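Read through the structure below, which is laid out as structure tokens, and then see the notes.
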Amino acid sequence: MILSIESSCDDSSIAITRIKDYKLLFHKKISQELAHSEYGGVVPELASRLHAEALPKILEEAKEFLPQIKAIAVTNEPGLSVTLLEGIMMAKALHLALNVPLIGVNHLIGHVYSLFIEKEAVLPKMVLLVSGGHTMILDVKGYKDIKVLATTLDDSFGESFDKVAKMMGLGYPGGPVIEKLAQKGDANRFDFPIPLKNAKELAFSYSGLKNAVRLALSEMENLSEQDMADIAASFQKAAIAHLLQKTKKACEIYKPSDFAIVGGASANMALRKAFEQECAKRAIPIAFAKLEYCSDNAAMIGRAAVEAFLMNDFTDMDALVAIPRSCFV
């Protein structure tokens, strides 16, 4: 069994995964969304303190598995340095107490393996990763064989939702709030520009779209509930159209036989529907992680760690450090 820990941002989570068949034997997550909502975003120092409180409580619930643990896995990159450290400190303590190896896991690779929780990995795949901090198209051939085909030049898909929600006074996190509000709106009322529409480069950019929403808001007075819904719907439509356009371009270039979308923002139902329709047209199979595993969680870290364990890809204690910004390259 592998005990895995996730604390890269504002979710405290621990999981126990059986190595031989990937079975998830224990999984618990404590979200900090409510604590950060009044600040309009994650406050690193507060997040760190809340992890320090939550992780030991979760570990106490999983203590029956400790005698059977063969390795300790922990997210060590990328993320907020002060929150990553909370998970790393617990992992090192367990490593010393149980005398089992450590596995440092890249959080983004964890998102890829959220597709394969409790099952064998089916690769290669082209994977679109959409989250609060990242927007990437990946060519995934294996745990240690991942190539970045495209990334964002500025804001990520999820980050743009958070920032637009903050502009509109809708609170944090912005993704679910914008999505819910958009269901009541007219997505054609505001003609927000699709970023990089005519650009040849394979890249994403959300800063221009975000600024277009800011301009529209500044030009309106006494916004009604319907105005807010229309802005949310129009913004969401343009944001997804940009993802779709650049992913279609990647498919034309790389011709994948299999496609998947992962990350917290992949829980957006409008996004899922748009990509399901496009993949159906192209006869390309599409996969998503289960909704419960889209956002940050230790189950995906544990599943990725099984791959590392089977490759004897362990991390020395002194080398296990927090790496706030990283990638696969």
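We number each residue from 1, going along the chain as drawn.
Note that Cβ sites are derived from N, Cα and C of the backbone, with glycine treated the same way.
Over in Swiss-Prot, the protein carries these features:
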type	residues	note
BINDING	His107, His111, Asp296	Fe cation binding site
BINDING	Leu129, Val130, Ser131, Gly132, Gly133, Asp162, Gly175, Asn268	substrate binding site
Cα distance (Å, whole number) from His107 (Fe cation binding site) to Gly132 (substrate binding site): 13
Other C-beta atoms that fall within 10 angstroms of the C-beta of His107 (Fe cation binding site): 25
Cβ neighbours of Ser131 (substrate binding site) where a neighbour is any other Cβ within 10 Å: 24
Neighbourhood of Leu129 (substrate binding site) by C-beta distance under 8 A, where only residues 6 or more apart in the same chain count: Leu108, His111, Val112, Thr135, Met136, Ile137, Leu138, Ile261, Val262, Gly263
Listed binding-site residues (Gly132, Gly133), ranked by Cβ neighbours within 10 Å, top entry: Gly132
His107 (Fe cation binding site) and Gly133 (substrate binding site), distance between Cα atoms, whole Å: 11
Cβ packing number for Gly175 (substrate binding site), 10 Å threshold: 26
DSSP three-state assignment for Ser131 (substrate binding site): coil
Cβ-centroid neighbourhood (8 Å) of the Fe cation site, His107, His111, Asp296 excluded: Glu6, Ser8, Thr75, Leu108, Gly110, Ser114, Ser131, Gly263, Gly264, Asn297, Met300, Ile301
Other CB atoms within 10 A, centred on Asn268 (substrate binding site): 25
Greatest C-beta neighbour count within 10 angstroms, which of the binding-site residues Asp162, Asp296: Asp296
For Asp296 (Fe cation binding site), the one of Val130, Asp162, Gly175 that lies nearest, given that the binding-site residues are compared by Cα: Val130
Binding residues Leu129, Val130, Ser131, Gly132, Gly133, Asp162, Gly175, Asn268 (substrate) - maximum C-alpha distance in whole Å: 17
